[in-house]
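Chemist: Before I ask anything, let me first share the structure, which is written out below as structure tokens.
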Amino acid sequence: MSWLFGVQKNATPQIPDDFQAGAAPGGPQQPGQGQRQEGNSKMAYSFDSTALERAAKAARDLEKFPNAKEALELSRMQEVTRQKEVENETKKIEAQLANMKSEHIRVAEEERRKTLGEETKHAHSRAEYQDQLARKRAEEELAMKARMQEESLRKQEESVKKQEQLRKQTIEHELALKHKYELEKIDAETRARAKAARDNRDVNLEQMKLHEEENRKTVIEKIKTSGELIGSGLNQFLNDKTKIAAAVGGLTALAVGWYTAKRGTGVTARYIESRLGKPSLVRETSRITPLEVLKHPIKSVQMMTRQKKDPLNGVVLPPALERRLRDIAITTSNTKRNNGLFRNVMFYGPPGTGKTLFAKSLAQHSGLDYAVLTGGDIAPLGRDGVSAIHKVFDWASKSRKGLIVFIDEADAFLQKRSKNGMSEDTRAALNAFLFRTGEQSRKFMLVVASNQPEQFDWAVNDRFDQLVEFTLPGMEERERILLQYFNEHIVTPATSGSRSQRLKLDNFDWVAKCNEVAKKTSGMSGRELSKLVIGWQASAYASETGVLTEAIVDRNTADAMVQHEHKMEWLEKEQLKARNQEVKFGTTLKRETAV
């Protein structure tokens, strides 16, 4: 009913100046506070009489109004609503005051925290500064101590130097005095001896004359006595013919014995070496000697009891080459049986194609011994290379069973004599080889293997009756080689049943896998394929489980192919370089010939 008393509806109550936000609404009042509030309420709520008159008039009009009760109820409800709004406004103001107080507290705490931080920072800075000052003082003290120590050491060194100098001066003075005294002593002794010699000169001369006279008489008597004895002995010797003959015979026998011992020892040693030992150039041989029997008795017995076997056993070659090599083996065996002349053979082709293996098998099949030489061993011998070659062929000529002399890598010393840079020793060794192989022999057969036969001297090529080329294995040969080595190095150890054998074979078709690998390894030699299978075995041993899987085979095969490609690239570069050098040498030779 604010409209009855002239109070505006939207008027906001004023907050007293001395209102405290933290005081409770019904809290106790301070002394004198009630009187001030009473005086202020009279001033704040005083109204004039016109308002009452209007209210009375409005009440009378309202009583006359037919809807007076509803209007009164509406007014009461509006008054209640207004009171609620005033209460809400009051609560908002109280909340704002509380927020202001909390903000004031927060700001105060923030300021206090900042103050503490600044104080801490200042204290830290002060502590650091004090620490720096302390360190500086400590460093200065250490530096001062170091300077004092250096000064003390310097003074001590100077003192020691002075003492050492004084000691040296004292010693030098003592030595000088001692030397002076010794000189004076020697001078005095010399003068005394000289004076004594002058005083005793006549006596000394008389003694010397007597001594020399006695020596002269003694020497003359010795000469006379020796001459008489020698003369009487010669007279007796010359008058006795028996003694003369005995002396001449003794001297002759002594000379003959000395010469025989000197020359006979060397001849006997060479004979024993040629019969019992083997030449130094022979790297490997199946020929049994007494020395070999003493060194390796078991191996010697096995070699003596060995039987003939197929020369192509374990050697995988193309069919045409197998037929030709089998004919050579049969021819060699029949030649030995009929005591005919052996034919010299040259095997040429890429390395690792079975040349050395077939040469050894050929010797075992034909009943001959074999001796393996290496061409690279001759060049380091220098001037001794010629005698070493003669020893080899002399040793081969004395073989009772017959001997196959196999020279591997023969192009190392059988090169063309017109080649630039060939040493005189190598040329002499080549001439000795040509001399010993000029005619065919019934005692030995010469087999030479080379990777570069085009480097041979023409005279060397004329010594060979047959030239056999060993080519790289084809598809079928690679399959046979892989299966053979796989069975030897992997299948047999894996199925041996030995507890100490770690190798195991995974469940896969290894025959098909070998055929697949054979298709990928085109251009590889038999030795490379053997190393490939051995690499599979090594990888299986290196694995955690010791099982050879298909993945291990594929991985090692890929690595081997990459390595083979690198080798082929290196070989092509080397061949190109060699051809360029030959062309350059030929051009230079033509120019020199033209000049």
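Glycine is treated like the rest: Cβ placed from N, Cα and C.
As annotated by Swiss-Prot, region 'Disordered' applies to 1-48. The compositional bias 'Low complexity' feature in Swiss-Prot is assigned to 20-35. Per Swiss-Prot, the feature coiled coil maps to 80-107, 140-175; the stated evidence is sequence analysis. Under the heading transmembrane segment, Swiss-Prot lists 244-260. Marked as ATP binding site by Swiss-Prot: G349, P350, P351, G352, T353, G354, K355, T356. Feature annotation from Swiss-Prot assigns motif 'PDZ-binding' to 592-595.
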Chemist: Compute the centroid of the Cβ atoms of G349, P350, P351, G352, T353, G354, K355, T356, then list the same-chain residues not in that set whose Cβ lies within 8 Å of it, in sequence order, for the ATP site.
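Modeler: So the extra residues in range turn out to be F347, A449, N451, F470, S525, G526, R527.
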Chemist: Can you tell me how many other Cβ atoms are located within 10 Å of the Cβ belonging to K355 (ATP binding site)?
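Modeler: Excluding its own Cβ, the number within 10 Å is 23.
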Chemist: Under 8 Å Cβ-Cβ from T356 (ATP binding site), six or more apart in the same chain: what's there?
Modeler: V372, F406, D408, A449
Chemist: Which ones in the same chain are close to P351 (ATP binding site), with CB under 8 Å and 6+ residues apart in sequence?
Modeler: N451, S525, R527
Chemist: Which site among G349, P350, G352, G354 has the most other CB atoms no more than 10 Å from its CB, taking these as binding-site residues?
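Modeler: The most densely surrounded of these binding-site residues is G354.
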Chemist: Tell me which residues of the chain lie with their Cβ under 8 angstroms from that of T353 (ATP binding site), as long as they are six or more apart in sequence?
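Modeler: F470, T471, L472, P473, S525, G526, R527 - these are the non-local Cβ neighbours of T353 (ATP binding site), listed in sequence order.
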